[in-house]
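Only one structure is covered here, and it is reproduced in the block below.
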Amino acid sequence: MKFELDTTDGRARRGRLVFDRGVVETPAFMPVGTYGTVKGMTPEEVEATGAQIILGNTFHLWLRPGQEIMKLHGDLHDFMQWKGPILTDSGGFQVFSLGDIRKITEQGVHFRNPINGDPIFLDPEKSMEIQYDLGSDIVMIFDECTPYPADWDYAKRSMEMSLRWAKRSRDRFDSLGNKNALFGIIQGSVYEDLRDISVKGLVEIGFDGYAVGGLAVGEPKADMHRILEHVCPQIPADKPRYLMGVGKPEDLVEGVRRGIDMFDCVMPTRNARNGHLFVTDGVVKIRNAKHKSDTSPLDAECDCYTCRNYSRAYLHHLDRCNEILGARLNTIHNLRYYQRLMAGLRKAIEEGKLESFVTKFYQRQGRPVPPLNVD
């Protein structure tokens, strides 16, 4: 992987990730394909929304179908027939979200298989091996996603263990001869001094990109913005910056304003299945009765397949009848909305008009522009 940085506007960056499998224009949003599928979508449909890279889930693909089935096909690209780049998370977040059925040690994490209850163990080395078999174009280190709230002492211990696991991840990644990209993950909760230590330690180890982890886990938005404003300038400028698990459209806008290049989140697909659809002026809850006889498209400014062909009344009908097509059409629209938003942000950075774009974005939704505390 090669990262090219074209231009900046304030702290916002316009560039691209170059892989053997294709180019990803940044800032970029990655749809989430947890089980080797972006829910309800064919790879061709995902590509048609403008997505150039997707995310796969190491933890879930390890449990089902497993490494051996994956290797029978070649790798995850062959298994799911997605031709572009794939980023896989390390499995850390899923393991730590298991709560009482897992035990964290210095060696790794012992837990019960949520499918059948069998005891199972995952550590940095195993995570690197699974992601190698998946053929991931971007591999994520195995870390502990520090929960929120966490006091300073716990956050420090967690961050320090994640640094040790980062080194173990790097060593195993290299020993496998993996020629793809490996990203470090910055931890430290909402504490700036701990984030400083994490960034410094990861840069000393050396990675192809750096993710900001442990945010969007329940902390106030002001804390997320503050940490991004503090951390992003410390990440080497020639490396991509990835904000994990984020987020709402406004979170993408605020991340870009603070220097983030990459995002992922289940929100556009999950919300689509629940009838919450993102439009230029905010959010449409398509199951509400007021849409029953509305013959207008979901979003007159959207060029997606759904908006070009179907009315709000039809989408309302499908949702009320719990038809699978409704979830699919909603997903196509939400994914396209996110890709149109990212394209708009990229164009605004190119033209040096990002803050004008941001102001218009919030005006259309009837909300104030959040403060930006950067030099």
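Just so you know, glycine gets a Cβ as well, placed from its N, Cα and C.
Residues annotated as active site, proton acceptor in Swiss-Prot: Asp89. Taking a C-beta cut-off of under 8 Å and a sequence gap of six or more, Asp89 (active site, proton acceptor) has these contacts in its own chain: Leu55, Gly56, Asn57, Thr58, Phe59, Met140, Met244.
Counting every protein chain shown, the Cβ of Phe93 (substrate binding site) has 21 other Cβ atoms within 10 Å. Taken from Swiss-Prot, the feature substrate binding site applies to Asp89, Ser90, Gly91, Gly92, Phe93, Asp143, Gln187, Gly214, supported by sequence analysis.
Feature annotation from Swiss-Prot assigns region 'RNA binding' to 245-251 (among others); the stated evidence is sequence analysis. DSSP places the residues of the region 'RNA binding' (245-251) in helix, strand and coil in these numbers: 3 helix, 1 strand, 3 coil.
A strand conformation is recorded for Asp264 (active site, nucleophile) in the three-state DSSP classification. Taken from Swiss-Prot, the feature active site, nucleophile applies to Asp264.
The region 'RNA binding' annotation in Swiss-Prot covers 269-273 (among others) and is backed by sequence analysis. Counted with DSSP, the region 'RNA binding' (269-273) comes out as 5 helix, 0 strand, 0 coil.
Here Swiss-Prot flags Cys302, Cys304, Cys307, His333 as Zn(2+) binding site. For Cys302 (Zn(2+) binding site), the same-chain residues 6+ apart in sequence whose C-beta sits under 8 angstroms from its C-beta are Val279, Thr280, His333, Arg336, Tyr337, Arg340.
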Report summary line: Row Gly92 (substrate binding site), column other C-beta within 10 angstroms, all chains, value 24
Query - Rounded distance in angstrom between the Cα atoms of Cys304 (Zn(2+) binding site) and Asp143 (substrate binding site) - result: 37
Query raised in the report: To the nearest whole angstrom, what is the C-alpha distance linking Ser90 (substrate binding site) and Asp264 (active site, nucleophile)?
Result: 14
Requested in this report: Using a Cβ cut-off of under 8 Å, list the residues of the same chain at least 6 residues beyond the region 'RNA binding' (245-251) that approach it.
Outcome: 93, 215-217, 221, 224, 263-265, 267, 278, 337-338, 341, 361-362, 365, 367, 370
